[in-house]
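Worksheet: the structure to be examined is printed underneath.
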């Protein structure tokens, strides 16, 4: 499963400007974002936090979508391309794209506390590639912590050692030759789910008033979150490898009340765990990715819990749930399968509204997201209940 497509860049594809047309969140809040790194070893945590912020004027800085050049090299590796030519081309094509949120914008305090979503990325992705869905949720009043996993499934990531300024990079790793993929991926999915649990612990520490230094020395002080996150209302969410990570996180941590799994790649989860999943899951599938085996695993969960829902968005492909679907046409025409036939903005609306309706139901929110409850039954334009097997291309 390749959650991150890559351009087949030819000479003609560099013509014209490439841009990332990410939509602004539709909710009532402005959105801010900050990077948070905790600890000086790979056992620490790295995440991008999206949160409701105070309006910060037209001159507010917007964060880069691809945060560092090294990620271009990692994407090249992931796509079996030569780093030597592919990384610089990617950097030229998408290196200057920015996300329409306020970088380290002033946090908007909230007396009753924002619900929290921990987000897990797909294979070959990293913390910024789901900025569209994360900022959409933040605009509706959620704090969203998009993790960057350190299990070698990110196309690149790093941590800062205790020596001043020294970075240690963790490269993307393929399944080693001679090793069964299931065992390799199963070990990764357990590490990823544990990182989701550690992210929740981080917010518990902040809430209890512990000083949590951000290794990145940014202008964002984590203590501002202390009285503004409601840790009785926490969900876990993810795409592809991150979708199955979210399901496993429900088994490992009682504090997660539900999971939203976008086009979950169910393969790495061992069968013994299915009876152990205690909480409801919303599976939002795309039309072209799932296999009958994967959907059968989802149905095992829905047969045990009537609150678990499975829906499919028609006209969508696996990458429709990543930001790649919003790259403008010149580059997208060179990307294999980054966009289905459904308009990407409409796809994001369906995904985020279904998620909001589900989160309202299971986090007991006092919003009006239940206006989108029909989506949870697969009722609506471009949505069907369950999964259309015959359409799978896998």
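Residue positions begin at 1 at the first shown residue.
Backbone N, Cα and C atoms are what each Cβ position is placed from, and that goes for glycine too.
Nobody curates TrEMBL annotations by hand; they come from automatic prediction.
Residue environment of residue 240 (active site, nucleophile) contains 28 other Cβ atoms, counted within 10 Å of its Cβ in all protein chains. Annotated active site, nucleophile per TrEMBL: 240, in sequence order.
Taking a C-beta cut-off of under 8 Å and a sequence gap of six or more, residue 263 (active site, charge relay system) has these contacts in its own chain: 239, 240, 243, 284, 285, 286, 289, 290, 318, 321. Annotation comment: TrEMBL describes 263 (among others) as active site, charge relay system.
For residue 318 (active site, charge relay system), the number of other Cβ atoms no farther than 10 Å from its own Cβ, over all displayed protein chains, is 28. Residues or ranges marked as active site, charge relay system in TrEMBL: 318 (among others).
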